[in-house]
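Student: I have a structure here, written as structure tokens, and I will follow up with some questions on it.
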Amino acid sequence: MTKENPVWAITKYVSLLVAAFIVLFPPYIIVANAFKTPDEYLDKPAMAMPSSFLNFSNFGEAFVQADMGRAFGNTLIILGTTLTLNVLLGSAFCYAVSRFQFKLQGPLVGLFLFATIIPQITTQVINYKTIQGLDLTNHLMGPVLLYVGADILQIYIYLQFIRNIPYDLDEAAMMEGASLFKIFYSIIFPLLGPATATIVILKTIAIYNDMYTPFLYLPGSDNVVVSTSLMRFFGVNSGDWQMVSAAILIIMIPTAIMYLLLQKYIFAGVTSGAVK
Amino acid sequence: MLSRLPFGTQKKLIIGLFVALPLLLLLTFSYYPALELIRLSFTNWDGMSPDKEWIGLQNYKEVFSNPEIFGVFKHNIAYFVVGIVQNIAAIYFAIVLNSRLKGRYFFRLLLFLPYILNGVAVAYLFGYVFDTTEGSLNYMLGKLGLGSETSWLGTGSFVNYTLASIGFWRFMGFNMVIYLAALQSIPSDLYEAASIDGANNWQKFRFITVPNIYKIIELNLFLTVTGALEVFDLPFVLTNGGPAGASQTFVMKILDTAFQFNNYGLASAMSVVLLAGVVLVLSLQRYFLNKGRD
């Protein structure tokens, strides 16, 4: 381990630089063109920098024209409701099935774990009819119901985590006369904090980036979300790349900032979510 | 008040209250649709009318005999091929970033970045890169004297590889981070002991690294195969299946059959075939995994 082969050392850096170039090249084009004025866009080659990074007019126009204020609002409503329900229902369920012994407990947990092999995209044809039957097509609560009901990632993560919380804690609290409900919300739920953080991060990424659920279930213009606002905007402005670039950047920036701030939790969450 | 109830009663209350709603949701959105898909796949239901005529295996015959349906899986092959290359690249970069290296945290942050970005935004980002007349890829190739007229998204023979390469850009870092976590859990004294015994780098990779991340390789391959079977958003957003259906994927075909052509029976049969395919891949993986353990 002490001395390293110089060929290998050079290969490592060269390959990393090539990879870094490939990752940064497409976003660079977007950044370079989102700040260009229409005249500049026609005069300069696509790769050239804009003359000023303070020309925000494309952003303003894209934001208004794509109705992004409404889109971000709707996405936030969907995210907030989904995450709250997921965390509450998921943690409560895992508390009930992992702290007590009861009949059918094994099959019940098995039923949840087995459902992960059903790919959600295959069941859309039927789920669409279910949501239609509940009169929730073109209603923000339709996607919420699907995100809460059809995904069981939170159960997986909470189940793994709750097993490592010693049962002695529950017993000690019971001796002091706490009710089981109180044990759940004042001892177990706070201790599940890291699992909750993982779930919130993974679901936020998944829901913010999801396209087909809002596309199928929220066709109306009042119920536009981030992904569909960009699709509609592109439909009207296709070919007008400096406007499209601005719209793409507006949508990419929130997750990019979240990523930079929460990178540690995101890496931990992605790893534990994948290796379930 | 609650604490006055005997624990036995509290326990029953908790189990009833905390289990009922998640169970109802699970049955409604996972098991009911799976069973309903199977039932509808034997009918010619149009999605609206009250009568669902039983037509036996006719839909399945249609799925397997009509090249316009089953042949679409050929388009998914590109995503599988690129997915394998993507895994090899991910393992390579995980090993590189697991070694002593200046700036390894920066490179990890950078390579993972595409995974976090909105899928529709990424699709249009590459719509710009691959644009025939204004795209930056053709511009660059032109500068290098390699021709600049290629229609990356408009040529049937390789449009799927163009689209799959966007998937590579987006998900390589994700696979890499999973491999990296697996590599970091291998105790370093294994490598030290091997060095003392005179093992070279290749031998260390072959006999220490690979066996220790074997499970993770299988997990990533499973994600690659099911991901390739379920491709939808990139071709839907960028080419809408074109040119002339060359980039249509099986999931797009299912949604078209159900929602455009109102042929729910056939769409259900197609969904069942896809579902069976994924379950088969998963079962094979579990079988080989358990066999490896014995």
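We number each residue from 1, going along the chain as drawn.
Positions of Cβ are set from backbone N, Cα and C atoms, glycine also.
The model shown is predicted, which means the values in this text are computed figures rather than measured ones.
Pulled these features from TrEMBL for this protein:
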- A:12-35: transmembrane segment (TRANSMEM)
- A:72-262: domain 'ABC transmembrane type-1' (DOMAIN)
- A:76-96: transmembrane segment (TRANSMEM)
- A:108-128: transmembrane segment (TRANSMEM)
- A:140-162: transmembrane segment (TRANSMEM)
- A:183-208: transmembrane segment (TRANSMEM)
- A:241-262: transmembrane segment (TRANSMEM)
Student: Does the transmembrane segment (A:108-128) make contact with the transmembrane segment (A:140-162) through 3 or more Cβ pairs under 8 Å, each pair 6 or more apart in sequence?
Tutor: yes
Student: Does the transmembrane segment (A:183-208) come close to the transmembrane segment (A:140-162), meaning at least 3 CB pairs under 8 Å for residues 6 or more apart?
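Tutor: Answer yes, regions in contact.
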Student: Which residues, given as numbers and ranges, are at least 6 beyond the ends of the transmembrane segment (A:12-35) yet have a Cβ under 8 Å from it?
Tutor: 41, 46-50, 52-56, 58-59, 241-242, 245-246, 248-249, 252
